[in-house]
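Taken from TrEMBL as is:
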type     : residues : note
REGION   : 1-29     : region 'Disordered'
TRANSMEM : 95-117   : transmembrane segment
DOMAIN   : 99-534   : domain 'Major facilitator superfamily (MFS) profile'
TRANSMEM : 137-155  : transmembrane segment
TRANSMEM : 167-186  : transmembrane segment
TRANSMEM : 192-214  : transmembrane segment
TRANSMEM : 226-248  : transmembrane segment
TRANSMEM : 254-275  : transmembrane segment
TRANSMEM : 347-366  : transmembrane segment
TRANSMEM : 386-406  : transmembrane segment
TRANSMEM : 413-433  : transmembrane segment
TRANSMEM : 445-466  : transmembrane segment
TRANSMEM : 478-498  : transmembrane segment
TRANSMEM : 510-529  : transmembrane segment
Amino acid sequence: MAEKDFKTAPADSAAEHRNDNATYGQRRNMSVTEIQDAIRSGSVPTIHSRKEALDIAKAGGWEADALIESMEKQLAERGDKKGFLDLEFKNPKHFTWLLVAFASMGGLLSGLDQSLISGANLFLPKPGQLDLSASQNSLVNSGMPLGAVGGALILSPCNEYFGRRWSILISCVLYTIGAALEAGSINFGMIIAARVILGFGVGLEGGTVPVYVAETVERRLRGNMVSLYQFNIALGEVLGYAVAAMFLSVPGNWRYILGSSLVFSTIMGIGMLFMPESPRFLMHKGRPLDAYKVWKRIRGVRDMESREEFFVMKVSTEEEEAEVAAGAGSRRFPWMDFFTKPRARRAIIYANIMIFLGQFTGINAIMYYMSVLMSQIGFNAYEANYMSLVGGGSLLIGTIPAIFLMERCGRRFWAIAMLPGFFIGLVLVGASYHVKSFQGTEAVYLTGLIIYEIFFGSYACLTWVIPAEVYPTYLRSYGMTTSDGWLFLSSFIVTYNFTGMQTAMTPTGLSLGFYGGIAVLGWFYQLYFMPETSDKTLEEIDLIFQRPTMDIVRENAANVKQTTKDLLACRFRKVFIDGHAKRRESIVDSPDGKVAA
């Protein structure tokens with residue numbers, strides 16, 4: 001694949017292009033002087049594949065430097081001027097944190113709107129308010145996840161035509177309109193419309209923010225930073241319960257409760273105006289110079305790691321586009337690649353099974369009906385709302401370890417270790433309904449709820465991290481449409497049917513039999529089918545999903561067998577500490593300034 005699409009010198013300057021068609025081996029044998037001349041001239045050679053680009057990066061090849069030099073020359077020739085919204089920091093790492101903070105506010109809004117309805121539920125059905133029936137109130141609760149399915153359906157066209165940044169801004173507008181209509185609702189139809197519009201914003205933002213973050217931050221932080229989105233969802237849920245508690249005694253309380261998210265959607269919208277577009281999206285759209293300009297702002301090109309990641313990203317994106325142009329993928333109907341290309345098919349199945357495990361183990365049903373569940377075990381309406389903070393706070397606490405340890409421990413270890421924890425919580429929740437005394441029921445139920453929420457808080461981060469990183473660049477927005485839509489459709493199914501399922505199965509049967517049973521099956525699935533993607537660039541993950549599924553299963557089976565032997569022999573240090581592969585050394589941290597092979 002031609003890496004020399006960028007013109008860096010006059011066509012008749014043969015000296016500057018004498019290395020353009022040199023083989024990988026020939027370029028590795030060049031003298032220091034030849035390498036310096038090639039870099040100085042911006043002579044970018046022909047790179048034939050993503051794998052070759054990764055080999056070059058691991059070897060600390062000069063080709064990445066030549067590309068950066070070429071980009072700098074073109075940027076200088078174009079003569080772009082800094083705009084009012086082009087925020088820039090001396091240290092690009094500061095930009096990363098600001099970008100993640102504003103983008104992840106979408107999680108805060110999503111969590112806030114999920115839990116605000118819990119407090120409003122105590123008043124919406126009452127005469128003199130909206131006087132909703134039980135079925136109408138169920139539809140109001142599930143209206144947002146239903147609307148979020150619609151938001152997921154517009155995700156790919158918005159992401160493809162407007163980009164990641166503008167898709168997030170559009171979601172902020174939808175959040176604002178939906179919250180305003182909720183606060184001003186005068187009948188059932190109006191509040192349903194408001195919840196659906198709000199849901200559109202949740203669905204569009206929910207699938208875009210994790211991708212936006214995954215495409216912009218460095219590999220060693222990607223899992224932790226995308227986990228911050230789930231932390232903000234949990235923080236928003238706790239904040240929603242707190243806001244509901246603040247307005248409980250205020251006349252017209254539910255209007256203030258539901259309208260409070262307006263403040264946060266406005267702050268997020270203003271902040272996103274100053275954020276740049278995703279560089280991988282710009283590269284995907286054939287705008288490599290704009291991608292490089294953004295890359296300089298948010299990642300910098302001073303250190304070798306960022307230079308080489310940009311180099312690999314460009315080669316990988318161009319290879320994907322070349323394959324599509326050559327007929328290996330569908331240009332008019334990209335969705336077909338999920339059926340016809342094994343690499344894309346593996347990604348979509350894997351991502352959506354992880355989402356299934358996250359949703360059908362009951363989290364959103366429990367969060368939406370938290371106040372109702374609390375009242376079922378004996379709390380009055382006001383106590384139920386305040387006690388909901390226990391569940392929401394536990395979920396928030398559970399996400400904190402993922403922010404710091406997701407990359408260090410790895411995706412597989414995280415999933416396999418967390419899922420049994422929230423299964424134990426479900427067992428206690430189910431058992432609590434059979435305790436005779438109120439104090440006993442309260443103690444067992446709350447203990448189970450806290451354990452469930454803490455472990456699920458850590459596990460839930462994976463349901464955002466994995467879909468955001470496993471799809472190829474040219475299919476990422478389409479893949480996230482399916483994952484995002486499936487997430488919120490699952491949420492709608494679980495939430496809308498919660499009351500009916502609890503009646504048919506009994507509270508114990510639902511929590512322990514249905515939710516708990518899915519958790520057990522999911523644990524075995526993760527043991528054998530879950531590949532490790534932590535501490536890898538998105539381009540390296542592409543190579544993982546090009547491997548046959550059975551290769552991954554055999555590799556995981558061997559690991560499970562060895563780990564079981566180690567646990568039976570009480571070699572706990574090996575399993576939990578020494579067993580994790582040493583993190584790949586950053587070029588920035590390497591003492592000799594060279595990339596670790």
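Note that Cβ sites are derived from N, Cα and C of the backbone, with glycine treated the same way.
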Which one of these stretches, 167-186, 192-214, 347-366, 413-433, 478-498, has the most C-beta pairs shorter than 8 Å to the transmembrane segment (95-117)?
-> 192-214
Is the transmembrane segment (137-155) in contact with the transmembrane segment (386-406), using three or more Cβ pairs under 8 angstroms as the rule and ignoring pairs under 6 apart in sequence?
-> no
Over the domain 'Major facilitator superfamily (MFS) profile' (99-534), work out the mean pLDDT and round it to an integer.
-> 85
